[in-house]
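Student: Handing you a structure now.
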Amino acid sequence: MLNSIHRSFHLTSRHQIVLRLCSPSASRTIMSSSPHSPIPKTHTASLDSLNDYEEQFPPLTGGSKTKKFYLGSTNPSTPCQSSQLQNWTSGKDALSLQRNLGCKNRRRRRASRFLHEESNGTTFEVGAGIGSPTSMVHFDSTNPSSSSKSSQSQNLKIRKVRNHRNSGFKSRDQSPQRIKDPPPFDICSSVLERNDTSIKDWILADETNRETVEVSNKHKVIRPGMVLLKDFLTPDIQVDIVKTCRELGVKPTGFYQPGYSVGSKLHLQMMCLGRNWDPQTKYRKNTDIDSKAPEIPVTFNVLVEKAIREAHALIDRESGTEDAERILPVMSPDICIVNFYSETGRLGLHQDRDESEESIARGLPIVSFSIGDSAEFLYGEKRDVEEAQGVILESGDVLIFGGESRMIFHGVKSIIPNSAPMSLLNESKLRTGRLNLTFRHF
């Protein structure tokens, strides 16, 4: 209708305002006056209503010059004599004006408002947004009894700049920004080159001495089917495991923070090998990004098999029998869940019961590797922290529980800060925290 609209409001003695519309393409003045008064009557409205009106009529692109015309009274006792006013207030614009004067949306009134002084009053220049033209609202004293001094005292000079961070909505010319995915979690503070020579040399030595299993005096059977192998993973092997997990973890199928549909998150970072797992869907072959879960490195499987053999040797030695495989069945893992706990990480008491019924019925064990900071590990027959027993798992320890102990409740109460070996941190650049690998068979 109009290329650009500038609106002016005159402040009266009752703090009401007079509506002006300014058009660069029209120089007509539309006014209506009562036959009983020499002063033109004007359309009046409360300040709040006109603020609502202002926010619903965004400025339009127009010419550089501004000319004004006035809207006269819409009072039924003094009907407007101008067809232009009737035309302007008819149809869509009149309905919009009537509807929007009662607008309840107050947030949009808080849009950026730029004020500057004029010689005859104070002008509010309302910005519609960055890069948008502005409309003008004049507050002039029109009370004949008011003096010029009182009029000048009403002049204000306020300048507000829109703050996008605090505004409850985006400007008209600002398109919604796409929320970017968080970068992959890196368990290391810097990138190091891979070096698998330690694990490979250890595997060759293990193949040569497979029949001879030396049992450390530090190893112990905690309960039937539950064995702790202290310092089973040598420092060099720990470094190689960290590097391997880091290489897999920074990929799209790597570490993530699992959570529930209600929004709560586990206090750890997780990566799944062999099969994907999360608290909602349990096990599945594909990951959340619709791709196959990474395979378990062969070197990891070799370490698990050797740990189980050493646990069998320990059970046979302490029991005086050769019935270890019945107490702790042999297991070839096809799932590895890698968890990284920060210094504040923890995991509540739970049972590992998402594997197949056959796997659980046979008591196929869970094998857990600990690397980095030590952890206070809890276990018990019930989900009761007060009754649970505890053991400290240090870097290099391997914990195995199967058979009768397969369905025990277990969890991580706390991480002991600054307890990781300095040689491990220096060589692997592992972040402060605990890296835990748990192997199982589905």
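Note that Cβ sites are derived from N, Cα and C of the backbone, with glycine treated the same way.
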Student: Of the residues HIS312, HIS410, only one is listed by Swiss-Prot in the Fe cation site with HIS350, ASP352. Which is it?
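Tutor: Record source Swiss-Prot; matching candidate: HIS410.
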Student: Work out how many Å separate LEU435 (2-oxoglutarate binding site) and HIS410 (Fe cation binding site) at their Cα atoms, rounded off.
Tutor: 17
Student: Long-range neighbours only, meaning 6 or more apart in sequence with Cβ under 8 Å: which ones does PHE439 (2-oxoglutarate binding site) have?
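Tutor: Set apart from PHE439 (2-oxoglutarate binding site) by at least 6 residues yet with Cβ under 8 Å, we have ILE296, PHE300, ASN301, VAL304, MET331, PRO333, ILE335, CYS336, ILE366, VAL367, SER368, PHE369.
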Student: Look up PHE439 (2-oxoglutarate binding site) in the DSSP assignment and report helix, strand or coil.
Tutor: strand
Student: Looking at the binding-site residues HIS350, HIS410, which sits with the largest number of other Cβ atoms within 10 Å of its Cβ?
Tutor: HIS410
Student: Please work out the mean pLDDT for the residues of the domain 'Fe2OG dioxygenase' (332-442).
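Tutor: Its mean pLDDT is 95.
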Student: Please list, in sequence order, every residue of the chain apart from HIS350, ASP352, HIS410 whose Cβ lies within 8 Å of the Cβ centroid of the Fe cation site.
Tutor: LEU349, GLN351, ILE366, ILE408, PHE409, GLY411
